[in-house]
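Here it is, the structure in full.
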Amino acid sequence: MTDLRALSAIELADRLASREVSAKEVCETFLSALERDDHNCLIAVRKEEALAEAAAVDRARTSGEKLPRTAGLPLVIKDNMVMRGKLPTTCGSKILANFRSPYDAHVVERLRQAGMIVLGKANMDEFAMGSSSENSAFGPVRGPVDRERVAGGSSGGSASAVALKLTPLALGSDTGGSIRQPAAFCGIAGLKPTYGRVSRYGLVAFGSSLDQIGPLARTVKDAALLLGVIAGHDRRDSTSAEVPVPDYLAALEGDLKGLKVGLPAEYFPAALEGPVRKVVEERIENLRKLGAETVEIHLPHTEYAIAAYYIIATAEASANLARFDGVRYGHRSSRQGDLLEMYRTSRSEGFGPEVKRRIMLGTYVLSSGYYDAYYLKAQKVRTLITRDFTEAFKKVDVILTPTTPTPAFKLGSLVDDPVSMYLQDIFTVTINLAGVPAISVPAGTVDGLPVGVQLIGRHFDEPAILKTAARLEGGVNG
Ligand code: GLN
């Protein structure tokens, strides 16, 4: 008997379409794997509703209805995307532990239209703030390769679940690296689309000028399939772009002859660990063998990116999180007091330490007297970083970098050192500041731990990075 968990999403879709397997069988297989999970990947499993939806897909298929290619495919979604039904949308926070959404996020509507089945809500850093999924009110996610190491974050539950074959696919969100970094740590593919490519209607906002939803999958092809489901215009998100959605699967065909790949010197600093550099360089060599041309380039403002990102992201977070006041959403303190006291105690009890740190930082950089010195300056740096990419893309078609400076670190090793934790994001935050798309694909391993390579593209040129990533992946596996 075939091990359904070992199949790719595309293979599963083909078997579902030919009725070799039923949606119910597939759904039951993954649900039981999720129920046995001991890596804390999920906050909640969506059992009855998922099984009922699978049964509906099976009935439609048996009656000869024409269904989308993805009908019956299961997945998990990060718990910052709202979904109607029995399960709460927690954002990994105590403050939303009992929040049930009255509506579906745009991506959830798209999944439903595609006949896909949400199996559960994935664990994450609280409000997507973190790089290790240790800032979750529901406990840390464990890494799929080494349980004593982090899965990365903030979409760590999504990434670990995909790597452990508890689900063929997952959705994550990426504000400064939260899809790509956990994908790299878990040895899978993760794509942050262009800003505006996927609607954020129903994604709980963290840094609104940076946030994007994207796919996590074990193969690039599966990521392309899921991107095709969620991409496209939605008028309820004013930043959603009216740019036609190409056929991402078709984009995977074709070779890399003549493709110009930029290697930014700033992403290969002398301090980059030797073994990580070696793994990435092997992939660069692969690309050359496949006919791509590599060009050394410069993204000169990279060194200011972490500072600018942690000012802009926290400023936006402090504004976005003001809505959690104990009145409209979530936890309300039972302590007695006046209205202000109620806001204060509800927020103090509901938010975890990292979220509080970010709200304070963000409020500080926006306060009068400091606005020009920090926030305005960070916005100027952002313009320069964006310009670096515009200039680079005049010379090259895609840019290649390591996704992270190191493989997954030990659980607990950075939680008490926020600045070191922030520095983990050195290679990923620039991409969100510039709004360009990027994918992380497995590049190899260092001491058995996965390392990722990041491919960055021009705005809306997901096809170029997907095609390059698919060839790279072949180099690792074949
Ligand atoms: N690690 C980064 C942060 O903590 C990015 C998080 C994200 O992309 N959601 O802000």
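All positions are counted from 1 along the displayed chain.
Cβ coordinates are placed from backbone N, Cα and C, and glycine is handled just like the others.
Look at TrEMBL and you will find 25-466 tagged as domain 'Amidase'. Taken from TrEMBL, the feature active site, charge relay system covers Lys78, Ser154. Sequence annotations record features per position, and here TrEMBL assigns active site, acyl-ester intermediate to Ser178.
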In whole Å, how far is Ser178 (active site, acyl-ester intermediate) from Ser154 (active site, charge relay system) when you measure between their Cα atoms?
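Their Cα atoms are separated by 5 Å.
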Cα distance, Ser178 (active site, acyl-ester intermediate) to Lys78 (active site, charge relay system), nearest Å?
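The Cα atom of Lys78 (active site, charge relay system) is 11 Å away from the Cα atom of Ser178 (active site, acyl-ester intermediate).
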Note down the number of other Cβ atoms within 10 Å of the Cβ of Lys78 (active site, charge relay system), including every protein chain shown.
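Counting Cβ neighbours of Lys78 (active site, charge relay system) within 10 Å gives 31.
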Out of Lys78, Ser154, Ser178, which active-site residues have CB atoms lying under 6 Å from ligand 1?
Ser154, Ser178
Within 10 Å of the Cβ of Ser178 (active site, acyl-ester intermediate), how many other Cβ atoms can you find? Include all protein chains, please.
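Its Cβ has 36 other Cβ atoms within 10 Å.
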Over the domain 'Amidase' (25-466), what is the model's average pLDDT?
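Over the domain 'Amidase' (25-466), the predicted model scores a mean pLDDT of 97.
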